Amino acid sequence: MTQKLAVVLFNLGGPDGPDAVRPFLFNLFRDPAIIGAPALIRYPLAALISTTREKSAKANYAIMGGGSPLLPETEKQARALEAALALAMPGVEAKCFIAMRYWHPLTDETARQVAAFAPDQVVLLPLYPQFSTTTTGSSLKAWKKTYKGSGVQTTVGCYPTEGGLIEAHARMIRESWEKAGSPTNIRLLFSAHGLPEKVILAGDPYQKQVEATAAAVAAHLPPQIEWTVCYQSRVGPLKWIGPSTDDEIRRAGGEDKGVMITPIAFVSEHVETLVELDHEYAELAEEVGAAPYLRVSALGTAPEFIDGLAKAVRDSVGKAPGTVSSACGWRCGADWSKCPCREGASA
């Protein structure tokens with residue numbers, strides 16, 4: 001009898017049109033992983049923020065045609081992963097499902113689809129290489145609340161230094177650099193979405209894992225490429241982790257250097273890459289004289305990346321029910337209390 005395997009791919013989600021922008025923002029800011037206030041405060045605050053930010057957010061999405069490309073990009077990854085699993089796991093009927101956190105297909109919708117598939121095994125695979133309570137943690141909590149179907153469940157908690165991920169990043173960076181003529185007056189910026197510093201101080205391993213990803217990729221690059229890690233998309237009054245991407249662009253301009261920027265935590269093109277990197281930061285680079293300004297694409301369906309995901313799924317199958325494991329053997333120290341793969345953590 002053919003085993004049925006459901007692979008659930010988690011990501012942020014994005015509005016599919018102008019009318020979806022405000023409800024998407026409301027769903028985002030009412031998440032306790034994003035705003036930690038009690039519900040009586042959080043819900044009105046989410047309504048206020050989504051209303052006040054709607055106009056500017058719509059303008060950003062208008063640059064991309066009115067909506068986010070994240071779902072179609074993720075669907076391409078799902079189909080590519082299914083094809084890779086068909087080769088890697090003959091005799092297994094593997095089907096990929098997409099669960100978005102803040103817009104359709106929402107977690108509860110996907111949970112019903114997976115239950116109807118009646119799988120023997122369910123592998124939860126967040127499309128966030130680096131674990132954070134604000135992304136992977138939030139998605140897994142929502143799944144646990146909603147899924148009532150069959151199947152032994154295991155989770156790929158993180159994969160910050162997984163070989164396929166690293167190889168794909170390194171290849172794409174090298175290709176962009178060589179296409180530009182292998183410039184030496186350039187600094188590579190590994191740009192990741194930032195977080196409030198208090199999230200990291202509370203034991204979230206995200207920053208540590210982002211920096212590990214960058215270091216692993218840099219080890220596969222020509223030694224003359226100078227690099228640094230920086231963080232983008234800061235909002236609100238809280239202190240965020242740094243340095244910020246815009247400050248690093250200004251620093252490069254002040255040193256008469258160009259920048260080559262690569263999204264190191266985003267695996268798909270969406271508003272933070274197609275608008276923030278391609279428009280806002282490109283304009284900033286021009287203003288401060290950081291030339292050339294090069295942007296490396298997100299991983300998308302890079303073969304090395306997809307093969308790495310397939311290996312992560314294959315390795316997760318057969319583990320004890322409820323196991324949360326790292327696809328690259330990552331093990332946070334005991335001080336990183338929010339990491340499900342930390343030393344001393346139970347499955």
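Each residue, glycine too, has its Cβ placed from N, Cα and C.
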Can you pick which of C158, C230 Swiss-Prot lists for the same [2Fe-2S] cluster site as C332, C339, C341?
C158
For C158 ([2Fe-2S] cluster binding site), the number of neighbouring Cβ atoms whose distance to its own Cβ is within 10 Å equals 28
In angstrom units, rounded to an integer, how far apart are the Cα atoms of C339 ([2Fe-2S] cluster binding site) and H193 (Fe cation binding site)?
18
Residue pair C158 ([2Fe-2S] cluster binding site), E272 (Fe cation binding site) - Cα distance, angstrom, rounded:
21
